[in-house]
Amino acid sequence: MAIQSSNKSKIIYTLLAWSISAAIFFPIFWTLLTSFKTEAEAISASPSLFMFDWTLENYQDVLARSPYFEHFWNSVVISLGSSLIGLLIAIPAAWSMAFVQTKRTKNLLMWMLSTKMLPPVGVLIPIYLLFRDFDLLDTKLGLVIVMTLINLPIMVWMLYTYFREIPNEILEASRMDGASIKAEIFHVLLPIALPGIASTLLLNVILAWNEAFWTLILTAANAAPLTAFIASYSSPEGLFYAKLSAASAMAIAPILILGWFSQKQLVRGLTFGAVK
Amino acid sequence: MGSITLKQVTKSFDEVNVIKPLDLEIRDGEFIVFVGPSGCGKSTLLRMIAGLEDTTSGNIEIDGQDATSTPPAKRGLAMVFQSYALYPHMSVRNNIAFPLKRAKVPPAEIEEKIASAARILNLGDYLDRKPGQLSGGQRQRVAIGRAIVRQPSAFLFDEPLSNLDASLRVNMRLEISELHKSLKTTMIYVTHDQVEAMTMADRIAVFNAGVIEQVGTPLELYQYPVNRFVAGFIGSPKMNFIELDTPQEDGATCLGVRPEHIEITESGGLWQGKVGVVEHLGSETFLHVQVEGADTLTVKANGDCALRYGDDVYLGAQPNKILRFDSQGQTIANG
């Protein structure tokens, strides 16, 4: 009886998981399909799932109309740049919070996290004015700075969680063995925490790649990443669903591929510390 | 050289005094064991000597030099941790080489020292393995190897055997004792296991609630404990305590007698009781005797003791084997 009911619940949960995954994936799937339709089929009142005239003309149009590779390069520079600089700041911060704790460490961590709860629009005007005054509008440097600051709390939190998993005694042993703080971090802490650091980097690359609010506001042409490239297809001329879908597919493809290959690492990284 | 002197050393965490003002002289080359129940401050004091914890007040001198605020690496001490604290991403060879590399020892000399440590600790076959591929005992040996290559002036052991199973613990205990005999380096060893303390130590310091109750050789502590705490902590099974309803002439309110000093007689003795649980260990037998007007007394008898549950017995002891404690728990000297 018990086995039967546990099998039953297994089937129910599996079905539930598949349905939720399908629901989440459906918009992406539909976008991909639409990108291969003509504009007329894309807005058809009775859309067909597979029975349409497959065409690559949307992709050709998009590539002809916009400098896709420039946007792609901007996305790479902004997401990778901000994630790497973020790591440089977050690693020492997380090290001190994890291993040199004071009474206020927890409060500091909570305060850092609370900045993520603030709607970004709340700081829109000051940041915009600062960018204008420092000539950072529509520059990759400006976006790297903003993305670094936005994602820093998440990076510190993630690294803090990984570092807490490392027994303090190992670092103390290295101190007894004559390691300076630099040697302790580079020879002991970082190699042990490498999986956690890698998943922090990956997640932040993805977050920065997908960030749209600041990129749309702070860039125009020179530094516009792929998010701005997609947005340019919802223009005053009207919505061209098929082209918009082709642009979206091209914008998300690189990060989707990266995510696919690193999913094992990402899942391990995100559940790290949850189960001891 | 490896003498360590603690002068009025204290440690407080916020308002809690973990170590109360404490003096201790650790002689060069001696094996001293800090023993006491959990939370008595023994590990904290070891970490203070190592430099891993700050000293709230007082001084720590190593070889006559004040080292109170010297960083851990500069104290010339090596520590072996309870969890071994090996570097999981490095091979055994690199674990042992780590302190030498930090000290910028030439590579040829490093190789030589690794080989010598591996020989002493039987690690030759494992040098290229990672700690994760080793058993508990092997890991502990690597941790000791990492400590000995530095040729420290003293070794600090923080409950190094508590993660090992019982039989391995006995072996490692012997190995550490042998290591001490061959290296003749000062060793400070923290444990809560009084058997380890008794078997390994030249001298034992018994800790209780942040103070040292008594320092002495294992036999001194066994024979002449200064108070009830030390008397109860040293010796296995524990000393029996018999509370007295009315104080004796010398002020004794409690008597203490070790299980091995109680004699079983068939006719007349100090106490009369009924045998409770009988534990046969082969070489010896422990009887738990319910004594009238007192608690249960543990008695150590021969291995072939034939007494059984429910038997009536008389118990006695040589007067000079009975310790007397005053109302403060201090031992009253035999007069």
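Note: Cβ is positioned from N, Cα and C throughout, glycine not excepted.
From a predicted model like this one, the values you see are computed outputs, not experimental measurements.
The feature domain 'ABC transmembrane type-1' is assigned by TrEMBL to A:72-262.
According to TrEMBL, the feature transmembrane segment maps to A:12-33 (among others). Sequence-distant contacts of the transmembrane segment (A:12-33) (same chain, six or more residues past either end, CB-CB distance under 8 Å): 49-50, 245, 248-249, 252.
TrEMBL lists A:72-96 (among others) with the feature transmembrane segment.
What TrEMBL records for A:108-131 (among others) is transmembrane segment. Same-chain residues lying 6 or more positions outside the transmembrane segment (A:108-131) and placing a CB less than 8 Å from one of its CB atoms are 97, 137, 142, 146, 150, 152-154, 156-157, 160, 213-214, 217-218.
Residues annotated as transmembrane segment in TrEMBL: A:143-163 (among others).
Note on the transmembrane segment (A:184-207): residues 79-80, 82-84, 86-87, 90-92, 95, 151, 154-155, 158-159, 161-163, 165-166, 170-171, 174-175, 255, 258-259, 262, 265-266, 268-270, 272 of its chain, located 6 or more positions outside it, place their CB under 8 angstroms from a CB of the stretch. What TrEMBL records for A:184-207 (among others) is transmembrane segment.
Summarising the annotation, TrEMBL assigns transmembrane segment to A:213-233 (among others).
If you look up TrEMBL, you'll see A:240-261 (among others) marked as transmembrane segment.
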Candidate ranges A:72-96, A:143-163, A:213-233 - greatest C-beta contact count to the transmembrane segment (A:240-261) (under 8 angstroms): A:213-233
